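This report refers to the structure that appears directly beneath it.
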């Protein structure tokens, strides 16, 4: 699968505005913008393993397409939702457990880069990753 491999964040677009909308304080926003996030993604059939490491934490997330699971963001925000494969895109539809608001994420490969697009309350941000 095209998502398999080690991906290191290269740049962000509108990420601070997105985090502000999410309610993340200014200090955490400044730190998160330079978190050196690395994702190691492996896929076996419908099962994905994502090893996420950054300045803040290292975790392993295992999920199956179409199966709801709970997940915590680096700032502690709790989410519940599922990933689906829509064409060549991984589409995540999540809800915050604290307020019920939707947080949607799309991962796609564009020009050899993995583009992760977040949408929350009308604010869209992108994190662009290069394959290592």
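A Cβ is built for glycine as well, from the same backbone N, Cα and C atoms used for every other residue.
Going by Swiss-Prot, these are the annotated features:
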BINDING   83, 107  tetradecanoate binding site
BINDING   83, 107  hexadecanoate binding site
MOD_RES   2  N-acetylalanine
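Of all the Cβ atoms in the protein chains shown, 14 others lie within 10 Å of the Cβ of residue 2 (N-acetylalanine). Its Cβ placed at the centre, residue 107 (tetradecanoate binding site) has 22 other Cβ atoms within 10 Å. Of all Cβ atoms in the protein chains displayed, 23 besides its own lie within 10 Å of the Cβ of residue 83 (tetradecanoate binding site).
The distance from the Cα of residue 2 (N-acetylalanine) to the Cα of residue 107 (tetradecanoate binding site) comes to 11 Å. In this structure, residue 83 (tetradecanoate binding site) is part of a beta strand by DSSP. DSSP assigns residue 107 (tetradecanoate binding site) to a strand in the three-state reduction. Annotation note: residue 2 (N-acetylalanine) sits in a coil segment as assigned by DSSP.
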